[in-house]
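Student: For reference, the structure I am asking about is given below.
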Amino acid sequence: MEMARIGVTGLAVMGRNLARNLARHGHSVALHNRTSARTKALVEEFGGEGTFVPADTPEAFVAALERPRRLVIMVKAGGPTDAVIDEFAPLLEPGDMIVDGGNANFVDTRRREAALRERGIHFVGTGISGGEEGALHGPSIMPGGSAESYAALGPLLEDIAAEVDGTPCCTHVGPDGAGHFVKMVHNGIEYADMQLIAESYDLLRHAAGLAPAEIAEVFRTWNTGRLESYLIEITAEVLAHTDAATGRPFVDVVLDQAEQKGTGRWTVQTALDLGVPVSGIAEAVFARSVSGHAGLREAAQNLPGPSRGLVAGSGLADAVEKALYASKIVAYAQGFHQIQAGSAEYGWDIDLGAMAAIWRGGCIIRARFLDRIRAAYQADPETPTLLTDAHFTEAVGDAQDAWREVVGTAARLGIPVPGFSTALAYYDSLRADRLPAALTQAQRDYFGAHTYRRVDREGSFHTLWGGDRTEVTA
Ligand code: NBP
């Protein structure tokens with residue numbers, strides 16, 4: 001019987017393309033899907049691309065794998081992943097590896113890894129970004145799990161990952177759920193990046209009065225500079241597209257209610273648990289949520305706003321470019337802060353610079369700018385925030401006047417820019433000498449005797465607000 005180096009079960013778009021990618025790189029791939037029609041279809045259509053070993057049953061699939069077995073699950077995240085693990089784990093032996101390439105919640109991954117570790121099976125929660133095209137031509141791959149399993153899996157995954165400057169966009173992220181955690185934050189950053197781009201478009205459209213095709217040109221120009229990235233590139237493509245049915249700009253015929261699958265929400269929920277301010281990601285998630293509340297928006301249609309006018313002069317596009325770059329730096333600084341905090345909380349020892357490096361290609365947020373982030377962490381792995389890296393400090397310093405101007409203009413014209421404004425507020429909060437949190441602490445002490453610390457003495461204190469207002473040591 002023909003043996004395979006690796007197997008993929010779950011052959012919808014992602015699994016199918018991942019299996020083809022592996023086969024195209026010379027790895028024999030065992031194939032399995034709950035509904036065997038998908039397995040047959042893959043072999044019929046793409047059998048010539050490499051060596052495939054189709055299997056109709058879990059038993060035949062497992063029997064076709066070289067030992068230690070490498071079994072990749074690419075099914076719908078959640079219940080289906082548990083169902084597949086329950087089906088396959090009893091057929092495996094100590095030392096075998098189950099790779100979950102789905103978009104799992106890292107908490108589930110930690111649970112699954114711990115349970116399978118007891119049986120000697122390596123569970124490798126792996127973030128994969130790049131959609132179906134990436135899966136076929138080279139995704140960004142973020143594997144968690146044990147270092148031992150990476151030694152056996154890494155070479156195959158690095159083979160099929162995207163490559164930038166000769167470096168594969170795949171590295172061992174850290175133990176248990178580290179890979180899925182980093183993929184989650186990647187998606188959160190993707191939300192923030194998309195929101196900032198959307199706000200830039202909105203300003204160019206409604207403050208500068210440009211048509212979508214003209215804005216496409218602005219984005220094309222931006223894509224030749226420091227903002228060069230996949231998301232900026234596709235934004236230009238989308239804005240230049242005309243709807244065939246109506247002849248109108250395509251962006252004008254798309255319903256303005258954004259959807260989400262959940263990784264942005266998980267990022268924010270997790271950040272709240274870790275106490276990390278990821279306001280850029282949170283505003284992006286909320287902006288999608290606001291857009292989806294059709295009834296609420298309908299009810300608010302006639303709320304008064306400023307009389308809208310256009311901004312005179314042609315400088316707005318340059319100012320928006322600066323606001324976008326500065327806000328993007330903040331969003332990434334917050335996302336990396338979250339990875340740093342998660343790594344500390346769970347003992348993952350994640351190399352932040354390496355994360356920037358593996359996001360440079362294959363994934364949705366791939367961008368020239370990630371090289372700068374990698375360099376920042378190489379220069380100082382302990383840097384508390386990207387904003388204090390010399391390059392980013394200078395970039396934001398140079399952009400800040402324009403950034404403030406853009407946020408002010410948007411507020412005056414009544415154009416919502418939650419991403420730009422929260423990024424600016426975060427920046428100003430970090431650099432503030434004193435924050436009004438002092439007043440918040442005093443209020444908390446007043447109504448709840450929650451105590452406060454002082455700037456001039458160690459210890460915790462409480463003022464007897466309801467009495468003679470003397471201060472006591474708490
Ligand atoms: P889907 O998420 O649409 O899942 C379909 C696959 O799951 C099919 O193979 C289906 O088998 C299988 N499946 C289901 Br549903 N329930 C099952 C069960 N109880 N037992 C066994 N198999 C079951 O596929 P996808 O879009 O290819 O995504 C796969 C994974 O990759 C997901 O976790 C997704 O979040 C993640 N991901 C997707 C993208 C993307 O761009 N689409 C990007 C990155 C990651 P059937 O054929 O028998 O119904």
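Cβ coordinates are placed from backbone N, Cα and C, and glycine is handled just like the others.
Whatever TrEMBL says is automated annotation, not expert-curated.
According to TrEMBL:
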- Lys183: active site, proton acceptor (ACT_SITE)
- Glu190: active site, proton donor (ACT_SITE)
- Gly10, Leu11, Ala12, Val13, Met14, Gly15, Asn33, Arg34, Thr35, Val75, Lys76, Ala77, Asn103: NADP(+) binding site (BINDING)
- Asn103, Ser129, Gly130, Gly131, His186, Asn187, Tyr191, Lys261, Arg288, Arg444, His450: substrate binding site (BINDING)
- 179-466: domain '6-phosphogluconate dehydrogenase C-terminal' (DOMAIN)
Student: For Asn103 (NADP(+) binding site), just count the other CB atoms lying within 10 A of its CB, please.
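Tutor: Looking across every protein chain shown, the total is 21.
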Student: Using a 10 angstroms cut-off on Cβ to Cβ distances, just flag whichever of Lys183, His186, His450 is the loneliest among these recorded positions.
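Tutor: Checked Lys183, His186, His450; of these recorded positions, fewest Cβ neighbours within 10 Å: His450.
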Student: Counting across all protein chains shown, how many other Cβ atoms sit within 10 Å of the Cβ of Arg288 (substrate binding site)?
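Tutor: A 10 Å sphere around the Cβ of Arg288 (substrate binding site) contains 19 other Cβ atoms.
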Student: Round to the nearest Å and give the CA-to-CA distance linking Gly10 (NADP(+) binding site) with Tyr191 (substrate binding site).
Tutor: 27
Student: Near Glu190 (active site, proton donor), how many other Cβ atoms are within 10 Å of its Cβ?
Tutor: 23
Student: Enumerate same-chain residues with a sequence separation of six or more from Tyr191 (substrate binding site) and a Cβ-Cβ distance below 8 A; give 'none' if the list is empty.
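Tutor: Long-range Cβ contacts: Gln260, Gly264, Thr267, Ile281, Ala284, Val285, Arg288.
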Student: Fill in the CA-CA distance, the residue listed as 'active site, proton acceptor' to Asn103 (NADP(+) binding site), as an integer in Å.
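Tutor: Roughly 8 Å, rounded to the nearest whole number.
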Student: Got a sec? Which of these binding-site residues, Asn33, Thr35, has the most Cβ atoms within 10 Å?
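Tutor: Most Cβ neighbours within 10 Å: Asn33.
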Student: If you count CB neighbours within 10 Å, which one among the binding-site residues Ala12, Met14 has the smallest count?
Tutor: Ala12
Student: Sorry to bug you, but what's the C-alpha spacing from His186 (substrate binding site) to Asn103 (NADP(+) binding site), rounded to the closest Å?
Tutor: 12
